[in-house]
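Inspection log for the structure reproduced underneath, given as structure tokens.
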Amino acid sequence: METKGYQCRSSRYIESGQSAVPSSVLFAAGLLGNVLALLLLGQHRRRSRSPGGRPPRVSAFYVLVSALAVTDLLGKCLISPIVLAAYAYNRSLSELGPGGRSEDEPGVLCQLFAFLMAFFGLASTLLLLAMALECWLSLGHPYFYRRHITRRLGVTLGPAAAGLCALFCALPLLGFGVPMQYCPGTWCFIRMAGGGPRELVFPVLYASLMGLLVLAIGACNVSSMRHLYGMARRQPRRGPPAAAAPRMEELDHLILLGLMTVLFTICSLPLIIRAYLGAFADDFNENADLGALRFVSVNSIVDPWVFIIFRTSVFRTFVRRVCQR
């Protein structure tokens, strides 16, 4: 099999001059951010407890935010320790784990790493889409939202979506795509350049699916902004504060979702572009591929910190004043 442009595909050791400090810092930042975000969500749940000790009335949006934080935390706890172990033993991922069935096939640990990277990247995207749809339905179709969007539906759709996502990301393990080791030997993902249609169909499908999800999230957000703007124009300027509370809560949800969507789009576009360039332009640039993979991993680190910063009273007051003007 052609190995042009992929110098670390079969390497046994990590490239010299590489340090574990950046990976350690990113892992610590992601771990701390997601744990703090979950603590803030738990505090919000306790404050939302109904009178008389009844179960807390938590919106579906906060349930989805909690699921996103748990997903990002789980991804960090499963992926980052593998990278740090490779640095600690000075062994590549293919060498660190059991070997593949042939010399050209990466090790089992490398294949698992590639699956986890694809799965958690797609799972986070689906959760962002669910958040955008929830916000759009609650603003534009409130009657449908109240009748059909229930907690039971969320409990049912969540595992179903995760299962479909896992099946799709497992296609390279069945031969539709090639898991491959990238430099410096501590990353694995699907091969995005070289080979025939059987090797390149999965990265193109993955990039196309990510691109469609990005467009769907953007369309939902734009429609939600339009509905929110119409609600603001119809509401009298001088009214009771209680009447404006639901609108301000939706505004908070929309701004938080918008910030996360912008960061997600910035982090996902490099991988989408690299997948198309590798498949149709036969572009072998391992440094660019590695940069795209690192952008994807940074998204799960930035998301919780965006939520933490947004929850501060100073930042929310500033945003509301800007939006009102």
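The backbone N, Cα and C atoms fix where each Cβ goes, glycine too.
Since we're looking at a predicted model, the values are computed, not measured.
Sequence-distant contacts of the transmembrane segment (20-41), counting only residues of its own chain at least 6 positions beyond either end whose CB sits under 8 Å from a CB of the stretch, comprise 62, 65-66, 69-70, 72-73, 76-77, 80-81, 83-84, 87-88, 186, 297-298, 300-301, 303-305, 307-308, 311. The transmembrane segment annotation in TrEMBL covers 20-41 (among others).
Sequence annotations record features per position, and here TrEMBL assigns domain 'G-protein coupled receptors family 1 profile' to 33-307.
What TrEMBL lists as transmembrane segment is 61-89 (among others). Beyond the transmembrane segment (61-89), the same-chain residues lying 6 or more positions past its ends with a Cβ under 8 Å from any Cβ of the stretch are 14, 18-20, 23-24, 26-27, 30-31, 34-35, 37-38, 41, 44-45, 96, 109, 113, 116-117, 120, 123-124, 127-128, 130-131, 134-135, 138, 151, 154, 158, 185-187, 253, 256, 297, 300-301, 303-304, 307.
The transmembrane segment annotation in TrEMBL covers 109-133 (among others).
Sequence annotations record features per position, and here TrEMBL assigns transmembrane segment to 153-180 (among others).
As annotated by TrEMBL, transmembrane segment applies to 200-224 (among others).
Same-chain residues lying 6+ beyond the ends of the transmembrane segment (254-277) with a Cβ under 8 Å from its Cβ atoms: 65, 121, 124-125, 128, 131-132, 135, 139, 192-193, 203-204, 206-207, 210-211, 214, 217-218, 221, 224-225, 228, 283, 285, 288-289, 291-293, 295-296, 298-299, 302-303, 306-307, 310, 319, 323. Annotated transmembrane segment per TrEMBL: 254-277 (among others), in sequence order.
TrEMBL lists 297-319 (among others) with the feature transmembrane segment.
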